[in-house]
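**Q** If you scroll down you'll find the structure; I have some questions about it.
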Amino acid sequence: MGTVHVIEHPLVQHKLTMMRRKDASTNSFRRLANEISALMTYEVLRDIPMQEIDVETPLEFTTGKVIDGKKLVFVSILRAGTGILDGMLTIVPGARVGHIGLYRDPKTLGAVEYYFKMPGDLQERDVVVIDPMLATGNSAVAAVERLKECGPKSIKFVCLLTCPEGVAALHKAHPDVPIYTAAVDRQLDEHGYILPGIGDAGDRLFGTK
């Protein structure tokens, strides 16, 4: 079984609680999503490879460690994934960005792909798939399956919120993909929404219904 990393930092939990509020405005919800995703990036990339380089300070030459942001790809699952993309790019502005367009069939709850665009040479890159919610897991499973066809070095999945059903679905299909989240909520309802959840993340991010 794959691993689930719940990021319990007080700032992350505080902001998630503010996002849960029914009366949070679109502006507030969007800002909080951006802030949480930026904070989570520190933990998600804790084990990212580094390389040593020479540096000249104002006083002398020394060495330091840096990451190669160009080898990192944030893959946003459209459309809601774009709502947490900017926060992560704030921390790693040199990262490349890919997009997977998936929508949930309202009858089967299955994922249907309508768009796929990735940077070249994905075989040389580490991929972080992002989506605010890991609910039924169908979109996540489909996205990871599609990405594996491109042969990236590694894949991680990042979401603000998930539930036992979503975790089980992704790890059953892809036990090698770790999940990073701010919380694991109680369950799904009959419509495939997380309870207690934050509502429809895409609608709340973009002010649509």
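A Cβ is built for glycine as well, from the same backbone N, Cα and C atoms used for every other residue.
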**Q** Can you match one of R31, R46, R104 to the 5-phospho-alpha-D-ribose 1-diphosphate site that Swiss-Prot gives for R79, D131, P132, M133, L134, A135, T136, G137, N138, S139, D200?
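**A** The candidate from R31, R46, R104 that Swiss-Prot ties to 5-phospho-alpha-D-ribose 1-diphosphate along with R79, D131, P132, M133, L134, A135, T136, G137, N138, S139, D200 is R104.
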**Q** For the 5-phospho-alpha-D-ribose 1-diphosphate binding site, please report the maximum Cα-Cα distance among R79, R104, D131, P132, M133, L134, A135, T136, G137, N138, S139, D200 in Å.
**A** 17
**Q** Is it possible to get the count of other C-beta atoms within 10 angstroms of the C-beta of S139 (5-phospho-alpha-D-ribose 1-diphosphate binding site)?
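**A** Step by step: centre on the Cβ of S139 (5-phospho-alpha-D-ribose 1-diphosphate binding site), count other Cβ atoms within 10 Å, giving 28.
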**Q** If I take the Cα of D131 (5-phospho-alpha-D-ribose 1-diphosphate binding site) as reference, which of the binding-site residues I194, G199, D200, A201 has the closest Cα?
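**A** Among I194, G199, D200, A201, A201.
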